[in-house]
Every structure is written in structure tokens, then in C-alpha cells.
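The structure appears right after this line, and notes come after that.
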Amino acid sequence: MVLHSHQLTYAGIAFALCLHHLISAIEVPLDSNIQSELPQPPTITKQSVKDYIVDPRDNIFIECEAKGNPVPTFSWTRNGKFFNVAKDPKVSMRRRSGTLVIDFHGGGRPDDYEGEYQCFARNDYGTALSSKIHLQVSRSPLWPKEKVDVIEVDEGAPLSLQCNPPPGLPPPVIFWMSSSMEPIHQDKRVSQGQNGDLYFSNVMLQDAQTDYSCNARFHFTHTIQQKNPYTLKVKTKKPHNETSLRNHTDMYSARGVTETTPSFMYPYGTSSSQMVLRGVDLLLECIASGVPAPDIMWYKKGGELPAGKTKLENFNKALRISNVSEEDSGEYFCLASNKMGSIRHTISVRVKAAPYWLDEPQNLILAPGEDGRLVCRANGNPKPSIQWLVNGEPIEGSPPNPSREVAGDTIVFRDTQIGSSAVYQCNASNEHGYLLANAFVSVLDVPPRILAPRNQLIKVIQYNRTRLDCPFFGSPIPTLRWFKNGQGNMLDGGNYKAHENGSLEMSMARKEDQGIYTCVATNILGKVEAQVRLEVKDPTRIVRGPEDQVVKRGSMPRLHCRVKHDPTLKLTVTWLKDDAPLYIGNRMKKEDDGLTIYGVAEKDQGDYTCVASTELDKDSAKAYLTVLAIPANRLRDLPKERPDRPRDLELSDLAERSVKLTWIPGDDNNSPITDYIVQFEEDRFQPGTWHNHSRYPGNVNSALLSLSPYVNYQFRVIAVNDVGSSLPSMPSERYQTSGARPEINPTGVQGAGTQKNNMEITWTPLNATQAYGPNLRYIVRWRRRDPRGSWYNETVKAPRHVVWNTPIYVPYEIKVQAENDFGRAPEPETYIGYSGEDYPKAAPTDVRIRVLNSTAIALTWTRVHLDTIQGQLKEYRAYFWRDSSLLKNLWVSKKRQYVSFPGDRNRGIVSRLFPYSNYKLEMVVTNGRGDGPRSEVKEFPTPEGVPSSPRYLRIRQPNLESINLEWDHPEHPNGVLTGYNLRYQASCLSSPVNGSKTGRTLVENFSPNQTRFTVQRTDPISRYRFFLRARTQVGDGEVIVEESPALLNEATPTPASTWLPPPTTELTPAATIATTTTTATPTTETPPTEIPTTAIPTTTTTTTTTAASTVASTTTTAERAAAATTKQELATNGSSIWDIRAWANSNWANITWSHNYSAGTDFVVKYITSNKTEKSIPVKAQTPSSVQLANLTPGMVYKLWVFPIWSSPSEHSYITFTTSSAYTKNHVDIATQGWFIGLMCAIALLVLILLIVCFIKRSRGGKYPVRDNKDEHLNPEDKNVEDGSFDYRSLESDEDNKPLPNSQTSLDGTIKQQESDDSLVDYGEGGEGQFNEDGSFIGQYTVKKDKEETEGNESSEATSPVNAIYSLA
């Protein structure tokens, strides 16, 4: 065997044997086999402490453990007398142990067992004793009752409050608190002494604000006892003034307290003495009084305080010296001082000592005829006396032994013989304590033994120091010699050094030191030898290690690590990065002589360490790798695309089960290739279908592919980067592998019946890479699940086989084995299947129904017997249907429903029933075939419930003062309706920032027959939210919620012209089209045109370009036009976006656009407000492309971009639009304003003057060229001009399009004036005047002028008197 770490253990044993040999003693090695064979006197291994205090509430355990051969027996003495354990039923002794157990569970007083116990362990070779164990029961006596009077004390006087705690075992811990259980604050003026008393150096007036109670905490019982509290009454010369005390620099003089020099309260006088035992802690204490409170300092006469052992405690009033020794004796003094003076107290410290060991006697093992000695030296103060015992008895009273001589603290043995074994006790004692030690003397004669394993193999690296170990044992102690290769010369000297512990050391192992070494151990009883084979190995060295490198990101650095090592040792090469194990991922490749990193990144920078190790040694080499990052500005503007396809696939290294595939990578298109996917296609099972074969890092261009037998392979490669996957490469040439027998069998084998007399066996067939050969087929075997049954088999090619004429639902054992022309697959697994099921023969009985609530019932039934199921029980089913409603004339659906209760159970719950209805129910049991017979039909009613919501709630606003509500009854009343409950509340828009304000909730209750209600508005701008519920006597039903329509004066968004410019024409990026329509009559808001949109949950802002005209009307409504651009910048592939349009209202906008990108392209809509608030909204692919932007800011100007999600917007390709202003209550009727009435009167007067001038000119015979346009009129119903230069949209009502009063329509559509041609009645009415005779020119002129203006502005306005006046002007 090979010995490495064990060498140290054996060397330690051999060294111990050698040491004891020098003092004529033998140490028995820690070998269980040897120790079990050698006789050994008893030795105490575990015992309780000398002063043993126990808890009276627990059982008592007094420990005593010992070892020896034979196993010792135990006995006890109590108070010096034999303690008979067998006579006391409460006392027992543990098996193979001397530990006493005193059990009080059955009663008894622990105090009765107090005393001094000692344990005796005996065997054939002697008796060992434990120390005397003083057993005491813990006590926590009560505090003596006493009356504590009020203590009167002058302010500034000293005071001590005595505690006098009851004596406990062990002594209690003392602390002071008030009666309200608050700790007493302690400082250098007020502190607790070592005796538990509370000392006041001087009393202050605030000391009387609390009382003082001494508390004692007892450790074992975990109890706290409290003394009656002290109450102080402080007599003072001046009344208490807190303000003056805070402002005064000396509170004592401020209070009129006389300042005094210090005096000692404890200890008294100027000197005292204290005795302490060696090894314990010494605590010296000085407490002084005085005004102000004095400071305490400590000194030692004639020297410094012991360094490293002293500690000041209790505000310097106590000095603790740890682990006192004789050197700490002397005089210590404490100095108490304040500004009035100082005083000193001297404490004389005397250190005594209980006995302590100088030389504790040790076990002595001797050979027959050898000499030895036991030494027992102890010290103490006073000096202890030494007493020897043998086997527990005084040595003076033991039988005489001529080979033994007692000389004070030493026993000398000469010429010992077999049979002289015994256990000796040494007792060292003085007035402060005692020590007891056991040491046995054992006389052994043992032939030599080699303790090391036989035929060891030691491997060592050349030129290293090594040592061959040969631990041995014997009595007398044997002598040991070393030989090499059976030569007679003893090895000692030169390169070899033999140690007495049996080790042979070589200062430098060389190749010629290899060989077989023999160690021979000899004593008078015999001789024994063992062989050790030494092999010298070559060292492990890194001949070429990694070097520091500086590389660019994305490159492929290689770190070298070439190792030379002994070929007979296994080499392991590991890599560390920054002194931590390196994880070798798919970007790294570890080889025998180095490490390659593909696509190195900044995170790869650091220290790399190559560690080459064998079982004997190791070597390492380190290098630092620096990675230079490519500047970001070099790649930022480069467009990233999917990589180009790999090309030029080539097959090489053709082998039976592998092939090497090589390819040339395509362009990565500015995104590094991260992976290559190799796919294959075969032409036998699934021709034309490609399967993934393997995946490789993006920095390789070849791969060794593992192949399956009998597959005609064809390969292709796909490159992958962060953008996506490339197109597949062109396929490689085909490669056919040879065949073999299948190695696996089909999986997923199942057996189940499709009819009651068959079983269909199915499985997952082998694929092309698993067939391994031609003519793949399957051997199907089956038999009844009976070890004695016969197997049936069938060979098939399809992945199924049907077995007929089977009993109903019996288990079968099934095996399916694959086979081809090269042979069969290994023996298949056995699966369990079942033949077909038949319908169950019995129905559940004793079906009972308990109604839980209006929609649920609880069912119980008696289960069917398992023999009647004829298959696997799947579930119990409860079929139920609604037979009728308890409401008259209410039609109900009688559709049958069922609830399943899986498994073998007899109870369940049916829920989701309609309340207030009659139901019928029947039950069946179901297996895999279907339902069994039905049980008896049960009928039950459901109680009344709450109704569903009303079918609808319609809201109409006939005017600004009221809202009409109309609703319908609930579809499911679920009981007798008792009425309706309507809750509603108003909300008005306060500001774009603060949102809406909600008013209080109003409640209305209606009878069950009422379905209409009118709400009177409190103001015309509020919107209302309505909550309507129907009600039965059970309670309110489901709610229907509706909100009143939008405000009446909000603009109605209407799309602008749908005209698209030619594709070759591009507008400026901010080009917009705006149309304005002016109406002369009030209009009612209409819903916006429905456009397919994507809901946007976030708050956004948009605007649109508008134009408006002011006319003489009661209400003016501005219609928003669509902002549009014909085309954005072209993408790299020629695709583009055009015709971006925005239909905007005050707080939302519909956005549409056209594009020729591929289907499935997602877009981003980005918009920025005039105050630079930016939002981006992703839009999923849809047709047509549109999105709705909600929660915009009224009156805000927006810039908007649309671009593909994988792209970024062009800086100039945007449109702008503006949202309309919000409605305010400051709108007034313009027709009632004084300035407007005055303006209209002035215009009428001006028209009259102009008409008079015209008539005067006519009367003078002027002629005008108006005959050609005599019958032409610009009617609001006229169509657009044919060139499509503008689009006219009228918002006028039908009344506006009718002929004016006193007019008629001609056959050609013109309007003929019936009255006088120069009549101005129509103008007085605000209508359109017409002059149709030759002298009538105003209408013709006005129409022509309006037409010209309309064509120039690409907008249309209704003809009005204002236009006519402007035309004439």
C-alpha cells in the first residue's frame, strides 16, 4: 500500500516508545487490537467535580467512568462508608459504568443524599479511586421579613444601605432596583459594594425621588427575591431650585452643602489585610465618602501593578487581579482624593496555595526484571504532605513487596516480576485542599510487533528528504535495524540515519535509492520484520508557462502551459483566475498544453494561473491578461444585421461513427457571431426534415460530429449573433454510416383497450438515428399478469398492435423489443397494460341533497361496488338541469350539465346553480368506457338569491340641464324583484394637473316596475357616473356602471383629407394639412370616427394643427384636422413609412400611418411636448397601423415620430400637431355681447350705403359682364372640383341646405328670387341674398369671390353676409 499522511502518526508512536525507553518504561500504543489483548489495570477517565452543587428539581447524576482490561467493576462510599446502591430503589448505576443516578420522580428529598462520595474501579490488576465528591443541594432561602423605616439623612452626608441577602448555595447575585423595577443608576458617587450594600459617597436631594430595593438572583432556581425597599428623606438647608442648579458651576455650593475631605466607608481605617489562594481572582475594594465624590486610584508598594492581570472595576473602586500567584503578594493601597484633600488605605495581600502538581505520577509499564519509579511531587502554601496508597489502601498496610521501595514522594521498583501489577494513589494535601492521582504499574512480557501495514509502497520526489517509518512494540522494548534489498549491512550513516523510534531518514532521495527496505525488530521473546518499497519519481515542472499578454476585445488569446512530469503519475492541470478556480465555459477551450479564450471580453481580464499537480507535488505559473476595449464610437453608428450564411461546407476525417465538418463563416454584419448550429437531414425516415445536431461557439469553423449507424447524413450550418440567425448554408455532400443492431428499445409503451374485448399496445417508435439498420421492426410480447402464464408475441413494423378476445379490464405484462437486419436490441423492460373496459353495471344509490345556499348544494350517495365498474373508476358524475323558475312566465334553459367528482368518493358539492329555480338531478359512475346506468332522478328547489345586473343602462342628454336614464330588468332576477338602487356622483375637470374632482354620492331607490329616471344637472360641465343595481329581499344584486357622455362643447375629431401625394413627392418633415369649417348653427358632439387602435395605458400628450373662423352664430365648433407627412427617410432595405396622420381632441389623439415593411414588423411611436416631455410607445404589428394616445394635455404642441422597433428615429422626420383647449365655464353667447351687436349694425349700414351707390350707377346706364354667370351659385351641396385640389366637409344641418323663404328651385338647381330683385329682407334675416335679374350682381360677385378665395386657401366656408360685404369691399 502507499503511505503518505500515516507516516506522521507512526513516527509519533515510535518517538513516544523511544522516549519511554530512556526512562525504562513502555507505552502501550493506541491500537485497539493490542489494547484488547494486553492486561491493563483500571484508570479513571471521567468523574464529577469535587464541589458538586445540584438543582433540587432535577435528578442527580454523579459521574464515574473508567477503563481497563478486564473491564472494571465499580463501588461507592458515602461519608467514608460503603454505599449499598442495591438497597435504595431511587439509586441506580449505569451499565458498564460507575455513574450513579438518583431519581426523584417517585418522590424523595434531595437533601437526604448530601454528603461526600468516592468511586472505586476494580479489576484483576488493581483498584483506582476517584476524588472525593462533595455533593450539595442548591438552596434559595426566603428573605427574612423586616420592617424598614424611612431613613432620614442630611444632604451631603454619606450613606450605606445594607442588603444582608439570605445565604444561598451558591451565593446569589445581588443588584439594586426601585420598587418599579427600574435599575438604580450608579456612578462614582453611588455604587454597589462587593458585599452587596449600596454606598452613597454623599447624598443629594434627588436621591429621595425614588426608593431602593435589594434583589437577589439565585442561579439554579432562576428566581429573584426582593427586599422591602428603603425610602430616603433628605434634609436640606435650601429649597430645591432646578434652574439655579443647572446654571450654577458648583451644584454643592449652590445648595449650601459643606464640602468635605474623603473618608473610607469600606474598608474601615487606614489598613487591612486579605488572604487569597493561588490561581483564583483577587478583588480589592475601596469605597470613600466626601463632597464632592472622591476619585480612587490604586498602587502597589515597591513596584508596579501586575501587568496584563489587573482590571479596574466599579468606577475604579475595585481592583481585580486575575489568576493570582505568589509573586502578587505584597501591600496595595488605594488613594481617595477630591479638591478638599486625599486619604489612603493600605491592604496587605497574602497568597496561599492549595496543593498543585510539580510532577504528577504517570502509568508505568515494565518488562520482567526491569527497574522503574513513580514520582509524585506537589507544592503549595503551606507545603503539602504526600501519602501513598496502593489499590485504595495506605501503602503502609499493604502486603510487603521486596521489589518496591518508598522514599517520600518517590516509589522505586527493582527487578519487577509478573504479578506485581497494581494501582498506586498519591494524595497531596494541606489545609487548603488536596490532590489525588492514580498511576498503575503493569508488568508485561510481549514479543515484538510491527505496527505498520505490511508491504508498504512509499513514493517520493527525487532529491527530496524522505523517511521510512517502521513503528513497533514489545516488552522488553525491541531493538530495530534496517536493511536494503536483503543485504546484510545495516543501514546507518552517509545518506541514511536510523532513529531509535524505528524511522530511517534519507537526507536526499535519489534514483539509486529505489528498492525494497526491510526493518527487523528483536527482543528476548522473538523477532519480526516488515518490508517497505521505495519509488523515486521525477518532479513536476512547467517548462513553458503563460506569458503576460495585451489583446483586443473579440480576439482569441492562447495561454500556454506545457508540463513535464513523471509518466507513472497521473497529471492534473487546473486553471485559476484571480486566485479562484476558473469556470471553463463554451467560450474557452482547455487543452493539454494551454488554454484558449474565444471572443475575449473585458470581463476576461485578470491573473491566470496554471497549476500542474500530481499526487506527490505540484508546480504553478502565472500571467496577466489585459483586454483592450474597442472604442464605442467605432461601432455605435454601424447598423447591426443577422449574419450571412456560412458557405463551402466540407466533410473530412471520415470514420465509422464520426466525421469532421468544416465551413467558411459569413459576414457577421457588425454583430459578432456567438454560436453555430449544425443540423442534419436523412433520407429514409423523414426526408427533407432538418434536425438540430449540435451547437458550437462562434469562434470555431469546424466540428467533429458524432454519428449514428445506418444514417445517410447531410449537414448544414446556421450562424447566430445578437440580432438573430442567418439563413441555413447550402447542404453538404451526403455521408452514409454502416449499420448495427439497435441499442435501445421503444419508450412510452402502453396497453389500453379501445373496445371491451381488446387491448391496443402502442409505443414511441425509434427515429432515424436510433434504428441503426435496415428493415426496422418490433417484437411485441404480452401475457396475462401471471408468472405462470404463457407469452404471446407478434412482429410488426407499425408502432401499434391490437390483441383481440381479451377479458374485460384485466392486467397484462407487455414487452416491445426493437430488431433490424443486424440483430435485436437488449432485453426490453416489462410494462403493465389493461384490456378494454365495459360500461359500469350499477348506479349510485341513496342520493341525498342538502341545499347550502341559493347557488350550491351538497350531495352524498352510496358508492357502487368495485366489481360492477368493469374498468378503472374515473369519477362520479352528477347530471342536473334547470326544470323551471319559481317566477311565473320566466323561460329557462333546460340544458343538461354535469359536475365530476374524481376518484372513489361518496360526497361532493354542486355550485353555480340559478337561485329561485326547480332543479332535477341524477348520478352515474364513470370509467374509461363511459357512463353507467343513471340513478333515480331527484328534484330540489334553490332559494331566492340576489339578481344579476340590469340588461343595460342607457344615458341620454337632451339638454344641458338634465340627463335621462333608461334601463331594463335583469336577465336573471334570481327571485322576486323588490326594487332598484341607483347611486351616482358628479365629477368635473378642475385642471390638467389636479385631474377631476368628485362630488358626493346621491342615492335613489325605485319600485321594481320603474325603468326610467331623470337627473337634474347641478351645472352643465360635470360628468356623472351611475351605479345601478336590482334588489330582491335577499339583497342588492350585481352592479352596472355607466358614465354620462363627454362634454357638449368638446371638439369632435374628424379625419382630414385622405388625399395622398404621389410617392415620388416628399414634403418637408413638418409639412401639415389643415382644414377649417365654420358653422352657423349649434352642433352636437358626435363620437370620433372608429379607427383600429392600440390602447395606451400611460399618460401622454399630443397636439394637432387647427384653424378657426369667427362667425355670427350662437356656438362655434372648431374641427381638428390631421397632421400628415407623406414619407420618412428610406430604410437600408428600401422600406419606408408615409402618410402619418393625427386626429386630435383636447386630451387624446388617433395616429395612423402607411408603410411597406414586412408583415409582423412592430413599431414605436415617440412624441415630445413643447416642454420637452418625451414618451415612447411600442405598437404590435396590426392592419391598419394605428395607435391611440390617451391622457394628453389640452392646448399643447407635440412632435411625433413613427419608426420600426429595431430602428431609431430620424431627427427631421416628424409631424407636429396641437391638442384643442379644454372647455371652461367662461364661454359666453357671442350673439348677446354689445360689441357684436354694434359691429353687425355698422356692417348693415355699410352694406346699405354700398347698395345705394350701385343703384345710382345702374340708373346711369352702366353695363356689367354678369350674363355668363347669371345662374351660377355656390351651394353647400356642390361637389368638389374634379382635380381633387380640396375636400369640402359640411357641418350644417339639413335646414341650412333648404331654399330660403320666398324662393324656389329651378330645374338646373339654381334658386330663383320671387320678390323684388333689390329686396334686402334676406340680409336682414341673416340669410344669403340672391339677385337673379340682369341688374342683380351682388350674389354673383360674392359667389365668384368666395370661390376664388376657397381655391386659394384649399378650404371651404359657408356663404354669409359678412363674406358678401368683404367681397364688395
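Backbone N, Cα and C define each Cβ position, glycine as well.
Long-range contacts of the compositional bias 'Polar residues' (730-739) within its own chain (CB-CB distance under 8 A, at least 6 residues past either end) are made by residues 645, 647, 649-651, 654, 656-657, 659, 661, 681, 683, 707-716, 772-774, 820-822. Sequence annotations record features per position, and here Swiss-Prot assigns compositional bias 'Polar residues' to 730-739 (among others).
Marked as compositional bias 'Polar residues' by Swiss-Prot: 1300-1313 (among others).
Annotation comment: Swiss-Prot describes 745-838 as domain 'Fibronectin type-III 2'.
According to Swiss-Prot, the feature N-linked glycosylation site maps to N241 (among others), an assignment based on sequence analysis.
Summarising the annotation, Swiss-Prot assigns N-linked glycosylation site to N247 (among others) and lists sequence analysis as the type of evidence.
All protein chains considered, the CB of N427 (N-linked glycosylation site) has 20 other CB atoms within 10 Å. In three-state terms derived from DSSP, N427 (N-linked glycosylation site) belongs to an extended strand segment. As annotated by Swiss-Prot, N-linked glycosylation site applies to N427 (among others).
Look at Swiss-Prot and you will find N464 (among others) tagged as N-linked glycosylation site, backed by sequence analysis. Long-range Cβ proximity for N464 (N-linked glycosylation site), meaning a same-chain Cβ under 8 A and a gap of 6 or more residues, is found for M508, A509. DSSP assigns N464 (N-linked glycosylation site) to coil, not to a helix or a strand.
For N501 (N-linked glycosylation site), other Cβ atoms within 10 Å of its Cβ number 21. N501 (N-linked glycosylation site) falls outside any helix or strand according to DSSP and counts as coil. Per Swiss-Prot, N-linked glycosylation site is recorded for N501 (among others), and the stated evidence type is sequence analysis.
The N-linked glycosylation site annotation in Swiss-Prot covers N692 (among others). Reduced to three states, the DSSP call for N692 (N-linked glycosylation site) is strand. Within the same chain, residues at least six positions away from N692 (N-linked glycosylation site) with a Cβ under 8 Å of its Cβ are I677, V678, Q679.
Reduced to three states, the DSSP call for N793 (N-linked glycosylation site) is strand. The feature N-linked glycosylation site is assigned by Swiss-Prot to N793 (among others), with sequence analysis given as support.
Listed in sequence order, the residues of the same chain lying 6 or more apart from N853 (N-linked glycosylation site) and placing their CB within less than 8 Å of its CB are P943, G945. What Swiss-Prot records for N853 (among others) is N-linked glycosylation site, and it gives sequence analysis as the kind of evidence.
In the structure as shown, the Cβ atom of N1009 (N-linked glycosylation site) sits within 10 Å of 9 other Cβ atoms. Sequence annotations record features per position, and here Swiss-Prot assigns N-linked glycosylation site to N1009 (among others) based on sequence analysis.
Look at Swiss-Prot and you will find N1133 (among others) tagged as N-linked glycosylation site.
The Cβ of N1150 (N-linked glycosylation site) has 23 neighbouring Cβ atoms from other residues within 10 Å, across all protein chains displayed. What Swiss-Prot lists as N-linked glycosylation site is N1150 (among others), and the listing cites sequence analysis.
Marked as N-linked glycosylation site by Swiss-Prot on the basis of sequence analysis: N1171 (among others). Its own atom aside, the Cβ of N1171 (N-linked glycosylation site) has 9 Cβ atoms within 10 angstroms in the protein chains shown.
If you look up Swiss-Prot, you'll see 1-25 marked as signal peptide, on the strength of experimental evidence.
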Margin query: Measuring Cα to Cα, how many Å separate N1009 (N-linked glycosylation site) from N427 (N-linked glycosylation site)?
Written below: 113
Note to self: Within its own chain, what residues at least 6 apart in sequence put their Cβ under 8 Å from the Cβ of N793 (N-linked glycosylation site), listed in sequence order?
What the structure shows: I779, V780, R781, W782
Check: What does DSSP say about N1171 (N-linked glycosylation site): helix, strand or coil?
Finding: coil
Notebook entry, point to check: Expressed to the nearest Å, what is the distance separating N501 (N-linked glycosylation site) and N427 (N-linked glycosylation site) at their Cα atoms?
Noted result: 35
Next item on the list: Mind looking up the mean pLDDT for the domain 'Fibronectin type-III 2' (745-838) in the predicted model?
Entry: 94
Item checked: Between N1171 (N-linked glycosylation site) and N427 (N-linked glycosylation site): CA-CA distance (Å) -> 100
Next item on the list: Calculate the distance in Å between the alpha carbons (Cα) of N1150 (N-linked glycosylation site) and N1171 (N-linked glycosylation site), and round it to a whole number.
Entry: 21
